[in-house]
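Peer 1: So Swiss-Prot says this about it:
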type	residues	note
DISULFID	39-57	disulfide bond
DISULFID	67-79	disulfide bond
DISULFID	73-86	disulfide bond
DISULFID	98-110	disulfide bond
DISULFID	104-115	disulfide bond
DISULFID	132-147	disulfide bond
DISULFID	157-171	disulfide bond
DISULFID	165-176	disulfide bond
DISULFID	188-202	disulfide bond
DISULFID	194-207	disulfide bond
DISULFID	266-285	disulfide bond
DISULFID	270-281	disulfide bond
CARBOHYD	49	N-linked glycosylation site
CARBOHYD	80	N-linked glycosylation site
CARBOHYD	141	N-linked glycosylation site
CARBOHYD	158	N-linked glycosylation site
CARBOHYD	187	N-linked glycosylation site
CARBOHYD	216	N-linked glycosylation site
LIPID	298	GPI-like-anchor amidated serine
SIGNAL	1-19	signal peptide
């Protein structure tokens, strides 16, 4: 899958248990361990300031609020390193209208009211699609990384040109391949290469059926009994439990080809940016995986994925 999968959140943050245990849900203000807990909706597990002894489930500041404590902002806003205020920054791409330079993505300048890559058609300092126009990818032409139009699904691709496949597609077996097209036992490099709606995910390079949920699971950094898009949740939120039950973190049937086709069309029509914020073109593109997310905690939209899920629903898409 292309580099855009640093992609996603709209609703969630990823947490992977670091010891053999199950995951529990934690309320705002409570001490948390990002390797074993899931903070409730609207909070993240972070030290609220540099002198805090513990990480807690904390509500991050948002636009125009003080971020001097956590040095991070909600809604993908940028914590200005000087003012320590959450601001809009780096959210516009090549060709979009700007009034100040910090609106443009890093490596771009605001010239004549537009965000410009001064070395175009070279991809520029970002070495990514951020230096390219909407409808273009960044690929090696034998000499340098240059911006070129995307190539269609079904067209030939290789290591050098894989960056020209659509951002939500992958270069699989030498062909730009649309997501969700992989049948059982077909080759894959990412979960989204497989037909998720049919309960498939990518395991050891093959589209594989998600097994029946386990009722006696544990999670470690390298081994997770829960496979596919699932999390090992402790029974009755009991933080003394050592085993739990696998809970689906998405509604598999909701992740359809039609939804991905719409997502693909939206992403291709927008320029890439350093940070996707509310004013970014990409903010209107809803990843179907985010739309299909389940709340594994009754009051939480923060989701824990197992160690093998190469997917993060985050709204900061640095290499989209």
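Counting starts with 1 at the first residue shown.
Backbone N, Cα and C atoms are what each Cβ position is placed from, and that goes for glycine too.
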Peer 1: Mind giving me a neighbour count for residue 281 (disulfide bond)? Other Cβ atoms within 10 Å of its Cβ, every protein chain shown.
Peer 2: 19
Peer 1: Around residue 202 (disulfide bond), which residues of its chain at least 6 apart sit with Cβ under 8 Å of its Cβ?
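Peer 2: In sequence order, the residues whose Cβ lies under 8 Å from that of residue 202 (disulfide bond) (at least 6 apart) are 182, 188, 189, 190, 191, 193, 194, 208.
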Peer 1: Between C-alpha atoms, which of these disulfide-bonded residues comes nearest to residue 73 (disulfide bond): 67, 110, 132, 157, 165?
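Peer 2: It is 67, whose Cα lies nearest.
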Peer 1: Report the nearest neighbour of residue 49 (N-linked glycosylation site) in space among the disulfide-bonded residues 39, 104, 115, comparing Cα positions.
Peer 2: 39
Peer 1: By a simple count, how many Cβ atoms lie within 10 Å of the Cβ of residue 132 (disulfide bond), its own Cβ left out?
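Peer 2: There are 30 such Cβ atoms around residue 132 (disulfide bond).
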Peer 1: So which of the disulfide-bonded residues is most packed in, judged by how many other Cβ atoms lie within 10 Å of its Cβ, out of 57, 73, 188, 194, 207?
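Peer 2: Per the Cβ count within 10 Å, the most buried is 194.
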Peer 1: A 10 Å Cβ contact count, applied to the disulfide-bonded residues 104, 176, 266, 285: which residue has the minimum?
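Peer 2: Counting other Cβ atoms within 10 Å of each of the disulfide-bonded residues 104, 176, 266, 285, the minimum falls on 266.
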Peer 1: Counting across all protein chains present, how many other Cβ atoms fall within 10 Å of the Cβ of residue 141 (N-linked glycosylation site)?
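Peer 2: Looking across every protein chain shown, the total is 13.
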